[in-house]
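Participant: Below is the structure I would like to discuss, written out as structure tokens.
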Amino acid sequence: MTLDTVKHAEQTPEVEQPWKELGLKEDEYARVREILGRRPTGAELAMYSVMWSEHCSYKSSKVHLRQFGEKAPRSDAMLVGIGENAGVVDVGEGYAVTFKVESHNHPSYVEPYQGAATGVGGIVRDIIAMGARPVAVVDPLRMGAADHPDTKRVLPGVVAGIGGYGNSLGLPNIGGELVFDACYQGNPLVNAGAVGVMRHEDIHLAKASGAGNKVILYGARTGGDGIGGASILASETFDATKPSKRPAVQVGDPFQEKLLIECTLEAFAEKLVVGIQDLGAAGLSCATSELASNGSGGMRVELDDVPLRDSTLSPEEILMSESQERMCAVVEPDKVERFLAICEKWDVIATVIGEVTDGDRLEIFWHGEMIVDVDPRTVAHEGPVYERPYARPSWQDTLQADDAGRLPRPEGGDELREQVIEVLGSPNLASKAWVTDQYDRFVQGNTVLAQPEDSGMIRVSEESGLGVAIATDGNGRYAKLDPYTGAQLALAEAYRNVAAGGARPLAVSDCLNFGSPEDPDVMWQFVEAVRGLADGCQVLGTPVTGGNVSLYNQTGEAAIHPTPVVAVLGVIDDVARRTPIAFADEGHLLYLLGETREEFGGSAWSQVVHDHLGGLPPAVDLERERLLGEILISASRDGMVDAAHDLSDGGLIAAVTESCLRGGHGARLVVPDGLSAFTFLLSESAGRAIVAVPRSEELRFTDMCGARGLPATRIGVVDGEALEVQGEFTIPLDELRDIHESAIPGLLG
Amino acid sequence: MTARIGVVTFPGTLDDRDSQRAVRVAGAEAVPLWHRDKDLKQVDAVVLPGGFSYGDYLRAGAISRFSPVMESVIEQARAGMPVLGICNGFQVLTEAHLLPGAMLRNTALHFVCRDQRLRVESTATDWTADFTPGQEISVPLKNIDGRYTADERTLDELEAEGRVAFRYASGGPARDGYGNPNGSQRDIAGITNAAGNVVGLMPHPEHAVEPLIGTGRTDGLGLFTSVLKKLVSA
Amino acid sequence: MARVVVDVMLKPEILDPQGQAVQRALPRLGFDGISDVRQGKRFELEVDGPVDDAALARIRQMAETFLANTVIEDFSVKVES
Amino acid sequence: MARVVVDVMLKPEILDPQGQAVQRALPRLGFDGISDVRQGKRFELEVDGPVDDAALARIRQMAETFLANTVIEDFSVKVES
Ligand SMILES: Nc1ncnc2c1ncn2[C@@H]1O[C@H](COP(=O)(O)OP(=O)(O)O)[C@@H](O)[C@H]1O
Ligand SMILES: [Mg+2]
């Protein structure tokens, strides 16, 4: 077979090329030919096809994601915004924090352990690529029905994979979610987030500049992993009946990645790195074209120099390989030796594979012949952009009209007690300890808060106590009822969780999990959710710094619930001031902050007791969220509250239960005037939290709420060995604990 | 002059910086040691920290045990220098035959992370003198290969010679950290050599040295202050 | 009673970090001349009753659906003499 | 080039929870008649040069000191044909 060189391509314009198999559309292929003024070589075709896939080019979502930039609130904290591997925010004292959430949904369904493990690996490399030391991971998960047999296959594998990889890297897992819903049966969502810390001056970007600078590939050898994966994986509906379409499964090597972290940080510390990029989806195609197009010059790469695990790989395959645990650095010539020495110290294979050139072309050679000659911008940034048609689904009105407020409610204390127990023991509200006990939350010795707290919190400075907090949230049921509001509720909840711990929310990352963008209904959900999130961030003053879009999460015609997962990052001046959720002391007074309305659309109660999804989700008032946040932060800073817990799914009763169990104390609750016990306990109105106030602080605290106009209702006291709702029912703490803790182990056995 | 305590970093070690912090919190000087160097930099004691050295790919601790630094550690340990192996470090010590027995996969077959209650069984070691016999402490535990195993004769010998240093405490509910988390024989969490200078344990005392952080307790500090006292008074 | 052994190895094209770690360690331990190491699993099954074709077919099916993850692993079944 | 296989199994007296977990799962999956399962490791070594007695002796030593932990494991070495 003759090598398909650039020269050869020029001479043989008529050659049939497998653009379709590689996932390109006819007009996209034509566009490639137009850009090049000839047909692409096989290697060029490989590059364009992966880089122009949905996964890499965001072709369906791009036009909408722009709002995150356009509507971004002014924020002095923002150091690096959308577009880089991850956003970076200033947290004070010269420290900067980078964080991001990504999806690894399809691979985790095919091979739960490895899919989830490599998901963690990928997001952590994004963090290192910014110049930061990774300090924590989080894992928002959505699984099929808890009692479905396939959930028993997927969930334990996913959890073991996330733990197996993250634990081996020495990254504390400080948060996440686990939600079960039948809509995720064939499309579980495995999102993974990571947080990294650096000094301002250590921020690095993915760009190759300075002619003559060397391009160094380091980390694992390149094998045949996931070849074509990027395009096939993300651009077509996963169809279990056609196993040949399954992407090759990649096996993660966390040990290699740990070495990669340490050697990269050492190279940063010695200021050896001009630009850096991790290798993720689209492997070398992505790294070389992005580095080159973001820099000032061009790049020349000798593909023969790439260390291979499988010597039979073709140049196209090398360019498309998605082998894990690799990075690409741009290094000045006189620093190359030192860079390689550091890699050697850490037993990391490192090879100079090319250099930055004066020109503006990306040129790739194989056996001395040029096989790629492209303008890197056309590969990395000028992919197709779709304005996909979208329309409010015809069924949306019917769904919203099916008001959950009309569902039969419990009559009397006994029935209310039964239903409360049913809700508390449902898999979505039960303790997630079965999962989180498989994750190391202590490593690095800086964990201040971790599961089951509202947010995870990490100390950044041992000297000052400066810390950061992160929480992720997203409720697909709310978003199904109204994607605009649903996205804002996800944002509001994560924001509230961060504030409840005492940290000031600063910035947002997101992972937008949706069905097929080719379905106008789904596209509408996506458009609405993005608009909701962008508008919400504007009001809350928390810019979106980056994120990830995962489309085609559907099985046949059935899409998952629209599931925008939102991560909010916050900062706290002194972690000694953090507020935990535990009711730790008897006699503390319980206050409910915010207003409770009759809001049951999409609620846990409507799902668990009535298997119902309809009506409208709870209303959002972001100004109110902001005020609530300010109160929670002030109360934490000034030591006015001893515990705080946000209210979300399951309503007040779920939050009180968690705080009681965590603290080992019961509580006596009184139903406030004007509310039914049912609404008081189970409504899911947003913008609420409960706090435990020491008696000595009561006046100061209520004065503050009064002065700022935040409704604060005294609803009870921390007391005894049971949870008592006066005049309604009592549940002993032991029984409550049993309900809470045995549900998930019972399901997974 | 305070004591100098070395902390070894193998490829894949995770808790080296935490162990250094614990050493400092206890009031000693922490000296980083590198697996490829035989040179122990004249430290007075050595900590082999936790992690997944070499990925634990063959067996936990199996590859690290052959590193150059271990040649010196083995030699010095035999000569009486205090050595503490935590988790992966404990595994390295058993692989190096400085401590008897071996570690197997947890009976639950998965990683276990929890706040663990321990009973201090022996205070006659360089690393436990600051505790009182029978004292109960609580420190984080996190491992997947933590099931301590040895043959019956070895176990009997350990018991008879008072060389079980820490045991998983019973007497309370699992959620409060009681009970054997991994199927270790005779609830053994940590042991010592006959001379009392080499101690290995699976739980992580270095994660329990500061209020607020981790479990918020400082029960682990005693190991580090114990050795410091011995070194300073020596 | 007879013993049937099922060997499960990662497919050749799949990365084997465990085997690699062993291989890289060997020269340091003074063992040269090993150009590749792959690490897999070995299951020893004690079978009640005769190991006839039907039993072997069942074990093969067990290996395929349960002992091996055929997305990434190959297996082989043999009767131990 | 020749292949040498080293099998490493837990000693019979050592509890093997992995093997047990497999065995317990089998009846649920519809596989009966397996009275015991043990799970161990299999190493496939590609040896440069001839696998003569000297080479085998070296590999046996490698297994004894490194591939197996003889406190808990037994091993066997065989040349693959
Ligand atoms: N998959 C997971 N990984 C890590 N932490 C998790 C995971 N699932 C739940 N958690 C943690 O468990 C706690 C309770 O979860 P959840 O009920 O979803 O909280 P909330 O409703 O406040 O968002 C939180 O601390 C959350 O971070
Ligand atoms: Mg929460």
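Each residue, glycine too, has its Cβ placed from N, Cα and C.
TrEMBL does not curate its annotations; it predicts them automatically.
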Participant: For the substrate site that TrEMBL gives with A:Ser103, A:His104, A:Asn105, A:His106, A:Gln250, A:Glu322, A:Ser323, A:Gln324, A:Ser550, which of A:Arg125, A:Arg338 also belongs there?
Facilitator: A:Arg125
Participant: Using the residues the record lists for substrate (A:Ser103, A:His104, A:Asn105, A:His106, A:Arg125, A:Gln250, A:Glu322, A:Ser323, A:Gln324, A:Ser550), what whole-number Å value is the largest Cα to Cα distance?
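Facilitator: Between the outermost Cα atoms of A:Ser103, A:His104, A:Asn105, A:His106, A:Arg125, A:Gln250, A:Glu322, A:Ser323, A:Gln324, A:Ser550, the distance is 20 Å.
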Participant: Could you pull out which residues elsewhere in the chain have a CB under 8 Å from any CB of the domain 'Phosphoribosylformylglycinamidine synthase linker' (A:20-59), counting only those six or more residues past its ends?
Facilitator: 4-6, 8-10, 12-13, 65, 228, 230-236, 281-283, 285-286, 289, 314-317, 319-320, 364, 366, 371-375, 378-380, 382-386, 517, 549, 551-552
Participant: Which stretch from A:83-198, A:211-366, A:586-721 shares the most C-beta pairs under 8 Å with the domain 'PurM-like N-terminal' (A:453-572)?
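Facilitator: So the stretch in question is A:83-198.
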Participant: Return only the integer: C-alpha distance in Å from A:Ser103 (substrate binding site) to A:His55 (active site).
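Facilitator: Each residue's Cα considered, A:Ser103 (substrate binding site) and A:His55 (active site) end up 11 Å apart.
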Participant: Near A:Asp510 (ATP binding site), meaning Cα within 10 Å, which of A:His104, A:Glu322, A:Gln324 (recorded positions)?
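Facilitator: Of A:His104, A:Glu322, A:Gln324, within range: none.
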Participant: Taking the residues A:Tyr58, A:Lys100, A:Asp510, A:Gly547 listed for ATP, what is the greatest CA to CA distance in Å, to the nearest whole number?
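Facilitator: Max Cα-Cα spread across the ATP binders: 17 Å.
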Participant: Count the Cβ atoms, other than its own, that fall within 10 Å of the Cβ of A:Asp510 (ATP binding site), considering every protein chain shown.
Facilitator: 32
Participant: Taking DSSP three-state, what's A:Asp126 (Mg(2+) 2 binding site) in: helix, strand or coil?
Facilitator: helix
Participant: Check the Cα-Cα distances from A:Glu102 (Mg(2+) 1 binding site) to the recorded positions A:His55, A:Tyr58, A:Glu322, A:Gln324 and tell me which is shortest.
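Facilitator: Given the candidates A:His55, A:Tyr58, A:Glu322, A:Gln324, the nearest one is A:His55.
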